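The block underneath contains the structure these notes are about, expressed in structure tokens.
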Amino acid sequence: MKFVLLFGVLLVTLFSYSSAEMLDDFDQADEDELLSLIEKEEARKDCIPKHHECTSNKHGCCGGHLFKYKCQCTTVVTQSGEETERCFCGTPPHHKAAELVVGFGKKIFG
């Protein structure tokens with residue numbers, strides 16, 4: 001009887017220790033996921049929206065519906081005759097075509 005009681009106490013101790021370790025692992029994973037989401041949200045706040053100027057930060061455009069916007073540049077001639085480069089965040093034509101196809105696919109199949 002003493003052996004069964006001792007074995008039961010040992011089993012309960014091991015079970016509680018292992019479950020505490022698992023809970024710590026889950027808590028750590030939750031914290032890591034939360035920090036990752038916060039970092040993504042911060043990056044999203046700092047991004048440049050569609051149709052806004054991205055001349056100084058060409059890789060900082062926000063994400064669109066399916067794809068990230070791309071910084072598209074054009075050369076502009078000022079009134080004084082100087083050529084300057086002006087850039088804006090927008091959707092490239094091949095991304096627009098892909099979004100159109102996906103939209104039709106959703107309407108037909110979805």
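Going from the start of the chain as shown, residues are counted 1 onward.
Backbone N, Cα and C atoms are what each Cβ position is placed from, and that goes for glycine too.
Pulled from Swiss-Prot:
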type	residues	note
SIGNAL	1-20	signal peptide
DISULFID	Cys47-Cys62	disulfide bond
DISULFID	Cys54-Cys71	disulfide bond
DISULFID	Cys61-Cys89	disulfide bond
DISULFID	Cys73-Cys87	disulfide bond
Among the disulfide-bonded residues Cys47, Cys54, Cys71, Cys73, whose Cβ has the fewest other Cβ atoms within 10 Å? Cys73
Out of Cys47, Cys61, Cys89, give those disulfide-bonded residues positioned within 10 angstroms of Cys71 (disulfide bond), comparing C-alpha atoms, in sequence order. Cys61, Cys89
When a 10 Å sphere is centred on the Cβ of Cys62 (disulfide bond), how many other Cβ atoms does it contain? 16
Quick note, Cys87 (disulfide bond) and Cys54 (disulfide bond): C-alpha atoms separated, nearest Å, by 5
Cα proximity to Cys47 (disulfide bond), best match among disulfide-bonded residues Cys54, Cys61, Cys73, Cys89: Cys61
Those disulfide-bonded residues, out of Cys54, Cys61, Cys62, that come within 10 angstroms of Cys73 (disulfide bond) at the Cα: Cys54
Among the disulfide-bonded residues listed here (Cys61, Cys87), identify the one with the smallest other-Cβ count within 10 Å. Cys87
To the nearest Å, how far is the Cα of Cys61 (disulfide bond) from the Cα of Cys54 (disulfide bond)? 7
Where Cys62 (disulfide bond) and Cys89 (disulfide bond) are concerned, what is their Cα separation in Å, rounded? 8
I need the CA-to-CA distance for Cys54 (disulfide bond) versus Cys89 (disulfide bond), whole Å please. 6
